Amino acid sequence: MKKHTGTIISISGFVLKIEFNESDLPEISHALEYKTHQGTYLAEVVQHTGINTVSAIAIGEVSGLARGTEVVNLGHPIEVPVGESVQGRMLNVYGKAIDGKPEPEAEVKWPIFREQPLLRDLDTSKEILYTGIKVIDLICPILKGGKTGLFGGAGVGKSVLMQELINNISMMGGNSVFTGVGERVREGIGLYKELEASGVLSQTTVVLGQMNESPGVRMRVALTGLTIAEYLRDEEKKDVLLFIDNVFRFIQAGSEVSSLQGKIPITGGYQSTLSKEVGDFQDRIASTKDGSITSIQCVFLPADDIDDPSAVATFSHLDSTIVLERSIAALGIFPAVNPLQSFSRALNPNFVGERHYQLAVQVKYVLQRYTELQEIINVLGMAELSDDDKNLVHRARKIRNFLSQPFYVSEKFTGTEGIFVEMEDLLESIERILDGTYDDRSERDFLFIGSYKDLK
């Protein structure tokens, strides 16, 4: 097949304007190959700007690129290797190896742009995926085949919580895909080594587009990871775990690309196509009758603003929302999850059972009432409260402390062994705190324990 070539006629940042013969004009989203002194890279056609010119976003480096450079129209979108050959590997946005090993020898490659599953093919059955993390399993349980978001500002523990979820859920078996979107290089390398040490790397694919790379890379690497997960679901009929860290960086990269194209932004400087871009991405993360994709996504909150447009655009697509709060982290309680702001569609007696549901509702009531009483305590002190309110405050503080937990992935930093808490032990512990069994115990006794069995 003859490959059509074009010539770069202008370069503005990562935006390339390319001239082709009128009959050879590439389609929108098709990949164009170009070379610099650093290597061979791809660009993606985003706009037809004239009868024989296109605008493309570089998915790679542009240093050393000059006008007059020849580009090759590949005739299809970016395609990445999928299947067994990429299991246990660390890849970049093109699906090329970045783990120092030979390139994956894939028999099959899939384009990163795909249609979402048809409505008639979707699987609507619901099953709870237990994580062993108390606050998540109690307040915002995760649905198998659902989408879960971890929301929080900088430094409140999103990535650590994500790594603990990867550790706990991956140990149960199955295939996993971790996609690092615009995150730190050391986090990706650290995760890769932890997966290797724990013995689950052989069933995991790590895809990285780091924060030092171009906005085109950060915008498309999420689709690379998703495509690998879709192949496992559709062709190998497997249940897949898809971890994405961080969805905000995916949105931010789209905003940068939009600005480079000269498009007018909306509130907060985001791209006008924000809702559509997030929707197109999230709609592909679905469970079908063949297999499921269970997605856990970190979402950074700029300035801790839960109403930021990037967070709002993501909320409506999620089944479970886990909100991490700085004020809880400041108390030294980790994971710093706010049970009052976190919720899950799975917290329903039909899914979790009547006992679990009622205990979760009681916990939320006690913590909400404690929040209301906190203002009185701050001004007048505990002495002004009724005896019932004093008991409620002490129980609320015990519950708050009890929902802390030592993690396996942070053992080497804290010196405390991680704990996986079984559901029955969790519910029994909450029942005992709420019914006053431990009213004579200190609140500090409940910090970083597993269950009531660990009370001495």
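Cβ atoms here come from the backbone N, Cα and C positions, even for glycine.
DSSP gives Gly155 (ATP binding site) a coil state; it is part of no helix or strand. Feature annotation from Swiss-Prot assigns ATP binding site to Gly152, Gly153, Ala154, Gly155, Val156, Gly157, Lys158, Ser159.
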Chain-internal residues, separated by at least six, CB under 8 A from Gly152 (ATP binding site): Lys158, Val299, Phe300, Leu301, Asp304, Val323, Leu324, Glu325, Arg326, Ala336
Neighbourhood of Ser159 (ATP binding site), C-beta criterion under 8 angstroms, separation at least six: Glu183, Glu187, Asp245, Cys298
Of Ala154, Val156 (the binding-site residues), the residue whose Cβ has the fewest other Cβ atoms within 10 Å: Ala154
Greatest C-beta neighbour count within 10 angstroms, which of the binding-site residues Gly153, Gly155, Gly157: Gly157
